[in-house]
Amino acid sequence: MKDKSIKVLEFNKIQEFLKNYTCTKAAKDIIEDLKPYDSVYEVREHLEETKEAFKLLITKGAPPFEGVYDIRSGISLAEKRSTLLPGQLLKIAAVLRCARRFKEYINHKEEEESYRVLENICEGIFSLPKIEEEIFNAIEGEDEIADRASSTLYNIRRSLKEKNYSVRDKINSLVRSYSSYLQENIYTVRGDRYVLPVKAEHKGAVPGLVHDQSSTGATLFIEPMSLVNLNNEIKELMLKEKAEIERILTVLSAKINANITGVKTDANIVWELDFIFAKAKFASEYNCTCPTINDEGIVDIIEGRHPLIDRREVVPISVKLGEEFTSLMITGPNTGGKTVTLKTVGLIHLMAMSGLMIPARENSVISYFNNVFADIGDEQSIEQSLSTFSSHMKNIVEIMDKADENSLVLFDELGAGTDPTEGAALAISILENLRKRGTKIIATTHYSELKAYALKKEGVENASVEFDVETLRPTYRLLIGIPGKSNAFEISKRLGLPDYIIDFARENISNENIRFEELIENLQEKSIKAQEDARLAENLKLERDKEKKKYEEKLEGLQKVRDNALIDARREAKNIIKEAKEEADKILKDIRQLERMGYSSDARRKLEEERKKLKDKLDSIEEKEIKTVHKGEALKNVKEGDEVLLASINQKVIVLSKPDNKGDVLVQAGIMKITANIKDLRAAKGSNSNSSSSKIKKSKKLNLNLRRVESSVDLRGMDAEEAIYTVDKYLDEAYLGGLGEVTIVHGKGTGVLRKTIMDMLKGHSHVKKYRLGEYGEGGTGVTVVELK
C-alpha cells in the first residue's frame, strides 16, 4: 500500500483518534504502525476481533483494563537480572492481574455466544496469580514495602519503632533540662539522628556531637552524648531495614526473571487487547458497522460517512462498484462533494483493510485491494517547480506503472490543469487503459467528453453530486447513473447576471450541447424522484417489519403462557391421581393395623374391595384422560431431534435424548424441558382431526380467558358462600392468566366478609401471600393477593 495514498486519504488522523481510546503507550505504538493487512484472510480475522470486542462492550460492559501499564522498561530490566523498583514490580503485577481478569471476562456460558478470535488470543495467557499475589502482598505503593513482606522486616520495623519511642522520651527529657540553652524548646533530626538546637554561645553547656549549624551560625544542632548509643542502634536498624527491602525486591525481581516468558506474553496480549478494544470503542463512538469483505473487486457502501467530518453535518453517500460497472465518473459543481466522495470511499477501504469497522450502514460490502491509489488535491512541489498539471501527471505515471486488476484508483479532476480538449482526450485514454486491466476506478471531472465516454462505454457509469439551484447550495448527495449537469447559467442568473448576457452565452453553445444538458437535467429530476419514492418505500417497509415483529413477540408470549398453563394443569391432574392412590394405600395399611389389633377381617375385606374400586376408577380416569388427549399407537423408538406428540399434555415436543432402560426420554415442550416415558409419545402427524379440533378450541378458549381476566374482583353485596365461590373461581382464572398480583374488594363494613376471605386465602393453592390494602389502595376495604 502506497504511503502517499495513505497520507492523502488522511488515515493518520484516524490513527490519532484511535489512540484516544487506549490505556497504554504500548497500544498507542501498535496503532502508530497500523496499516492495511496483506491478505483478505487477515482483514477478515482482524475485523472479526473488532466485532467481537464491540459485542462484549455491549453485553458485558467495559473490559478489565483498570491499572494496566506499559511495563516494557521493567521487563527489559528483569531480563538483564536487575533488581526492579517497587513501582516497577507493582505495574508488572497489575498487568498480570489484568491478563488473568480478562480471561475470566471473556469466558461465557454454554448457551451464550462465543468469541472465537478473542478466545484464541486469550488462550495464550499464562496466568501467574502466585507472583501477582506475592507482589501485591509485599508492596503497598510506588516507594512503600509492606511490613508483611517478610517476618524479618516486620521484626526490624517493630524494633525500630520501639527505639524511636525510647529516643523521643529521652530527648524530650533533655529538652526540659537544657531549655535555657536552646533556641527553641524542641528537638529535630539531622542525618537520621535526633539533635537539639543549641545556642552557639552555650555549646559547651550541652556535651555532644555537632551535626549541623544554622545559616546564620547562631544555632548548632548537637546530638547529646547520652543519645549517641540509642541513635547508633536506630541507624543500625535502618540499615538492616534497607538491606531486607533490597533482598525482598531482589527475590521478587528474580521470580519475574524466572517467569519472563509468561510475563512478556501476558503483557503483549494485554496490549493487543487494549488495541482491539480501542477499535471497538471507536466503532461504538462513530456508529460503525462490520462490512462484508470480498476479494472480487465488488464495492457496495451503504450510507457511508466520512469519519473526519462533523457527525452533525456529514451527509451519507452510497457507492457501488465492481458488479455492473468497474469505473465511475462523478461530475458536478465545485464544493459539491466530489472530492469528499473520493476520500470517503478511499478512507473507508483503508479502515476496513486495517481491521476497523466502518462508518456505514449494515450489510455494506468492501473489497480487499492490494493497492489503493489516490491522486487527490494539488500536490505540486515548489522545490520541484512543478505545475498543477505536472504534479498530477507525475502521480498518474506512477499509478499507471503499478495499478492492476487488484487495485482501486481514485482520480480527482483527471486531466485538469491543461487545455480542456487535450486534457479530456488524455483522461479518456488513461481511464480506458486502466479499465482494460480490470482496475476499479472512481474519478471526478468537469469534462462533458468524460460524461459522454461513460454513457457510451460498457462497464463505465456516470454519477453526479446533487445541486439545489434554488438555494445555490450543493446537497452533497451522490446520484449514481446520472451525469452531472452544468449549473453555470442558473447560478449566474440567481446571482444577478443580466438575462441578455446569459441568453447571448446560450447562443454560443451548439444545439447538441443544449439538448444534452436538458436530457441530463430531465434524468436528474426523474432519478431524484425515484430515489425519494424508494426511500419512502423503505421507511414504510421498516415500519411494517417493526409492527410485525412486535405482534409476533406478543403472540409468542401468549403461546408460552398457554403452553405453561396446559403443562401445569396436566401436572396438577397427575398429582391429584397420585395422591388419591397413596391415600387408598394408606387406608389399606390402617386396615391391616386394625386387623392385627383384633378387629374383624370382614371389615378389612370390605374396605379392600372399596380400595380396589377406587384404584380401578382412578386408573380408568387416568387412562381415559390420556386417550381423550390423543388416539394413536405409542411410538416404539425415537431419536434426538424428532418432533413428536406428548399425549398426556396434547403438546408437540422435541426429543432431546435417547430412551434410557426405563423408556424415559428428555423432551423440550415450549421453553420447558421435561422427562416423559416413550409410551406417552405419539407420532406428530398421527393426530386425527377431532383431537386437533379439540386442541384448537381449548387454545382459543384459554386465550379468550387470558384476555378477559381482570386485576381485581368486587365482592361487595355478596354473602359469604357466594363470595368464596367467586374468589375461588377468580383466583383460578388469574393464575392461568399469568397475573402476579390481584386485588379482592370486600368493603370495610363489619369485617365479617374480610375475615371469611382471609381464612379461605390461608390454604388456597394459588396464593403465595396476602395483605390488607395500604393507603391509596383501598385500605382495609381490600385485600391484595400475590399469586404463586
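Here the Cβ of each residue, glycine as well, is placed from N, Cα and C on the backbone.
According to Swiss-Prot, the protein has these features:
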BINDING   GLY332, PRO333, ASN334, THR335, GLY336, GLY337, LYS338, THR339  ATP binding site
DOMAIN    713-788  domain 'Smr'
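Taking the features listed in Swiss-Prot, we show where each one sits on the structure.
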residue: GLY332; record: ATP binding site; Cβ neighbours (10 Å): 26
residue: GLY337; record: ATP binding site; Cβ neighbours (10 Å): 23
residue: LYS338; record: ATP binding site; Cβ neighbours (10 Å): 27
residue: THR339; record: ATP binding site; Cβ neighbours (10 Å): 18
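Mapped onto DSSP classes, the domain 'Smr' (713-788) shows 31 helix, 19 strand, 26 coil.
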